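Colleague: Got these off TrEMBL a minute ago, pasting:
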BINDING   HIS126  Mn(2+) 2 binding site
BINDING   ASP150, HIS152, ASP154, ASP241, ASP243  Mn(2+) 1 binding site
Amino acid sequence: MSPEPIGPVDASTRPRFADIATFARLPRLDQVEHADIAVVGVPFDSGVSYRPGARFGPAHVREASRLLRPYNPAQDVHPFAVQQVVDAGDIAANPFDITEAVAAVETAARELTENGTRLVTIGGDHTIALPLLRVAAERAGGPVAVVHFDAHLDTWDTYFGAPVTHGTPFRRASEEGLIDQEASLHVGIRGPLYGKDDLRDDERLGFAIISSVDLETEGLPRAIERMHARLGDRPVYVSIDIDVLDPAHAPGTGTPEAGGLTSRELLAMVRALGEHRLVGADVVEVAPAYDHAQLTAVAASHVAYELISAMGNRH
Ligand SMILES: N=C(N)NCCCC(=O)O
Ligand SMILES: [Zn+2]
Ligand SMILES: [Zn+2]
């Protein structure tokens, strides 16, 4: 029998503002025999097209995650008791060479998932979704349904001739056959595009869209219904760009767009994913330099907590 999971440090006997921060004050990977879920940081932002700083995201989210508690009433689950969740530290990626950095993330993700551990990765910019999806599809034995929360499509082709950036991971992933083209979708899309072709290309690459306006006009229950219908019973990878939230809810990000989701809407949609077989997830694009009073980091840490809870729901 495997031992009982080691949970977070108890905030009622040891102040939650003490100690070096691990995610939710969980044990480190080297302190357990086996991890069901590893939270891992990728402090990398060399793929950004506008404001830099997401390289400081993992540390900022860990700091804000000190406030998380062990029982999640919204999903009626003790996410850190039904499964062993750990902090696996950071994947240190080369800030001067995107190709090398992406390869390093892929290698590290492959190693971390060797014994069935699922990853919840904290970015870092959205470039890192590409190597993470490579490993997720490999582990799932084929393409995965991607549910991608973002203001942006991230299926553009190149920037300055560069094919691997934070605006292009899902085009590359689709071209590489990593995503299930019948079951993938974006949620929260809004704002100006380069042209109409962006949407045509996006559909051809295998994505459906629940836009921010759809959410407003159709409401949350209908959006959740559409998400369930699209994902079906496929293995699901969840990629959450924190800029899916309105800048009022998440100012600390590099390419903010007005008219986004509330954190309440995003948390509700993530909770609904508890019905699905989640093979991995990321929360990216938290850039602390533009944050205020940890607003963005609190949102990101709660989103990660709901993801871990959703993974625990079907444990
Ligand atoms: N992945 C994020 N956050 N943003 C992509 C924006 C790409 C652009 O500048 O057009
Ligand atoms: Zn975005
Ligand atoms: Zn993005």
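Note: Cβ is positioned from N, Cα and C throughout, glycine not excepted.
All TrEMBL annotations are machine predictions without curation.
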Colleague: For the recorded Mn(2+) 1 site, whose residues are ASP150, HIS152, ASP154, ASP241, ASP243, find every other residue on that chain with a C-beta no more than 8 angstroms from the centre of their C-beta atoms, and list them by sequence position.
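Modeller: Near the Mn(2+) 1 site, the remaining chain residues are HIS126, HIS148, PHE149, ALA151, LEU153, GLY188, VAL244, THR255, GLU285.
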Colleague: Given the binding-site residues ASP150, ASP243, which one has the fewest other C-beta atoms within 10 angstroms of its C-beta?
Modeller: ASP150
Colleague: Could you check the binding-site residues HIS126, HIS152 and say which one's CB has the most other CB atoms within 10 Å?
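Modeller: Sorting the candidates by Cβ neighbours within 10 Å, the top entry is HIS126.
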Colleague: Between HIS152 (Mn(2+) 1 binding site) and HIS126 (Mn(2+) 2 binding site), what is the CA-CA distance rounded to a whole number of Å?
Modeller: 10
Colleague: Whole-number Å distance between the CA of HIS126 (Mn(2+) 2 binding site) and the CA of ASP241 (Mn(2+) 1 binding site)?
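Modeller: It is 7 Å, counting Cα to Cα.
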Colleague: Who sits close to ASP154 (Mn(2+) 1 binding site): which same-chain residues at least 6 apart have their Cβ under 8 Å from its Cβ?
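Modeller: Looking at Cβ-Cβ distances below 8 Å from ASP154 (Mn(2+) 1 binding site), excluding near sequence neighbours, one finds HIS126, ALA129, HIS148, HIS166, GLY167, THR168, PRO169, PHE170, ARG171, ASP241.
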Colleague: Does DSSP put ASP150 (Mn(2+) 1 binding site) in a helix, in a strand, or in coil?
Modeller: coil
